[in-house]
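Per TrEMBL, domain 'D-isomer specific 2-hydroxyacid dehydrogenase catalytic' is recorded for 45-334. The annotation substrate binding site is assigned in TrEMBL to 90, 114. Residues or ranges marked as domain 'D-isomer specific 2-hydroxyacid dehydrogenase NAD-binding' by TrEMBL: 124-307. Look at TrEMBL and you will find 169-170, 190, 225-229, 251, 277, 306-309, 351 tagged as NAD(+) binding site. For 253, 306, the entry in TrEMBL reads site 'Important for catalytic activity'.
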């Protein structure tokens, strides 16, 4: 049995910090056991990469959302031995899930391992944008001091309408954390309605039409998986329905937003700010428009590398979860149902679209 793991390089940081478990250097525990061979690499791009060379005879693939090995239908058709794909974290859109169903390849992820980490990051991003924090900090780094230049675009969360696209494990936790901020209203857009008591607990109201939803929000946060129904959801047309000067936070998946449309909306001022850590291609190209886009006042960009769900606390959770999934597989035991995205030849969840 061959186990292939595509992880990111930690370099000196991983040498000094052994809790960076999602790195090549400190590879997730449990990858190797008697009777198996394992290869751990960050090399994932192109036909001569370790990923494409070794996927052809691997039985198990492990990869992360932070440095994903993109498993296309073409690669799946070459991977004659592949039986299990494990996402060390949450979000398995780097796998062609329909092809996995067709080829009876199981796809699992460590459900819940990142939810607190990402929810906290979302709230941080909201505050960073709404309070105009980054331009204020950059001003200090430059040695300048002009309060009016930053205060003119700084606001409070209190009294604002906040909306989440997706009110599942992460989206709901975002709403929970916003309750003390005394926002004007919490809205959510989701295929499933929350139970009344859960709506009341976070003071949330469901809006069924996406254009109506964004038109009411001062801040929109995206907390939904990437699938056929959400890819490119936030495009030029939908952005035109946003409140002028709204803020948008996306820690879900970059491809849910049209990159050029977001950059244009920020430049024009239709969006006052955009923040997140997810990109439509990862690592992001050096010329990606989200690296340098600004609003008319020279701020509004809160982008970072993809790390919201890979804090050291989250890494401990997803490493333990990955190890448990592997042990279940090696021993022939049933997997935790919540971790299964694709079973043997069948979808096991509605999280990646209604099917």
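From the backbone N, Cα and C atoms, a Cβ is placed for every residue, glycine too.
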So of all those recorded positions, 90, 114, 253, which one's Cα sits nearest to residue 351 (NAD(+) binding site)? 90
Least surrounded among the binding-site residues, given as 190, 228, when other CB atoms within 10 Å are counted: 228
Whose Cβ, among the binding-site residues 90, 226, has more other Cβ atoms within 10 Å than any of the rest? 90
Quick one: Cα separation, residue 253 (site 'Important for catalytic activity') versus residue 169 (NAD(+) binding site), in Å? 15
Across all the protein chains here, work out how many other Cβ atoms are within 10 Å of the Cβ of residue 308 (NAD(+) binding site). 25
Intrachain C-beta neighbours of residue 251 (NAD(+) binding site), sequence separation six or more, cut-off 8 angstroms: 118, 121, 122, 125, 170, 221, 222, 223, 276, 277, 278, 308, 309
What's the CA-CA gap between residue 169 (NAD(+) binding site) and residue 114 (substrate binding site) in angstrom, rounded? 10
Rounded Cα distance, in Å, between residue 306 (NAD(+) binding site) and residue 90 (substrate binding site) is 13
Counting every protein chain present, what is the number of Cβ atoms, excluding its own, within 10 Å of the Cβ of residue 169 (NAD(+) binding site)? 18
Pairwise Cα distance for residue 190 (NAD(+) binding site)/residue 114 (substrate binding site) [Å, integer]: 20
Tell me the Cβ neighbour count for residue 351 (NAD(+) binding site), meaning other Cβ atoms within 10 Å of its Cβ, over all protein chains shown. 19
